[in-house]
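Pulled from Swiss-Prot, these are the features on record:
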REGION    1-23  region 'Disordered'
COMPBIAS  9-21  compositional bias 'Pro residues'
REGION    65-356  region 'Catalytic'
BINDING   99, 101, 127  Fe cation binding site
REGION    357-379  region 'Calcineurin B binding'
REGION    402-416  region 'Calmodulin-binding'
REGION    417-424  region 'Autoinhibitory segment'
REGION    475-497  region 'Autoinhibitory domain'
MOD_RES   479  phosphoserine
């Protein structure tokens, strides 16, 4: 009789499948950004037409496209823009939009409020990039829409569509982190092709900033050479940078134009200057962007001849910089009726200030522990041990000097430990303050002074570093006017690296003696 076979051990169970991408995230409801970059076959159909919905859904998930696809989109859009006139002419019905500033998820909300670009005519007044952290997504999406709807979606240039500001603020850094410097340079070439103004329905002049003392007629705009980096002064600069005077409609001065002290360049224009321009060019009003508005828009004093607001400002970036708490708005003009549609901000993914990575962000935590260990190691030796060791090898004077040197080293490391401790304990305040400065740098001496210095960073120190004026991290910004006042320093034209900064102000006499500056008959009309 055969012996019974021993029971065989059951095979080990197969290893569990790896968790899905992003399953280990702290906030499970937030999906992990796709790692796959869209290819040409995914973005363009067989006829080379962009699949805008595919691109939109991918960008909303924080996805990216192949670099060559990004370059193709930017260059094809730029080719269309180059064929347009410096002052384009558009007809109603149309939806006019103000600043976007890299707030891509709010741009998606804008199209929900304003209507699908497939059946709605749009005019954007510039400032698509900088300050927000999704600027390249805004450019790619708007440029694809321009390729799809070249005769119904129009894009003007803002003061931020230039090399000078995008290098100083965030757009260049964003392009290099998400794509490459090639993509950034392609964007700059495309920005040089953007028209400067639009004539809406033969009734409204639409522009990013406003008027210039060197522009008297619409033909003066048509003659401008726009295919270049905007200069620090002159009519092209003024179209992008000028503002209505702070007492617009209630001026005490008779001067139509005065130096723009807020921007550090260009001019303030007043109510009589606007009325004179409107009358000379048979227009109803000027529609512009360039300034944040609490309600998303502002209607200025009415013209005495037409009874219509002489000037309208529209701003389409809600909760600007995540601190303004403002509404955004778009202007819909149809059948000689103007409607304002407001909307609030939408949730968006979080980026550390200035695109900081997690390793840089965690450095204060690591640094505090390392310096703490160094302080403890150096603090082991007592004063008696230092003096005893010194007596064996040196005279009393040398021992005292050596003791002082070691004490200085301990104090230096202790100071470094305090800096890292402040960085760790006040990390949120530090990141907030750095994120609100265009250079990403803290005022000198803030960290070394400890927590109290950080919490009471002075107006003078912050101004010296071009940070938000008077910002104190523990202080919560409570109103739109407060946020706008604190951010005022960032509204100025930044200093130029390659030349002495022009004050931007030419006297009117100088302006009139250089009438040909910034103009040329060889530009697109």
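Backbone N, Cα and C define each Cβ position, glycine as well.
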Task: CB-centroid shell, 8 A cutoff, Fe cation site 99, 101, 127, site residues removed - done: 98, 100, 102, 126, 128, 129, 130, 131, 158, 160, 289, 315, 316, 317
TODO: Looking only at C-alpha atoms, tell me how far the residue listed as 'phosphoserine' is from residue 101 (Fe cation binding site), rounded to the nearest Å.
DONE: 20
TODO: Sort out the sequence-distant neighbours of residue 99 (Fe cation binding site) for me: same chain, 6+ apart, CB within less than 8 Å of its CB, listed by position.
DONE: 125, 126, 127, 158, 289, 290, 292, 315, 316, 317
Task: List of residues, in chain order, with Cβ under 8 A from that of residue 101 (Fe cation binding site) and at least 6 apart - done: 127, 128, 129, 130, 131, 132, 135, 160, 317, 320
Task: DSSP-assigned states of the region 'Autoinhibitory domain' (475-497) in counts, ordered helix, strand, coil - done: 12 helix, 0 strand, 11 coil
Task: Predicted model, mean pLDDT over the region 'Catalytic' (65-356) - done: 97
- [ ] Report the DSSP secondary-structure composition of the region 'Calmodulin-binding' (402-416) as helix, strand and coil residue counts.
- [x] 15 helix, 0 strand, 0 coil
TODO: Determine the minimum-neighbour residue: among 127, 479, listed as recorded positions, which Cβ has the fewest other Cβ atoms within 10 angstroms?
DONE: 479
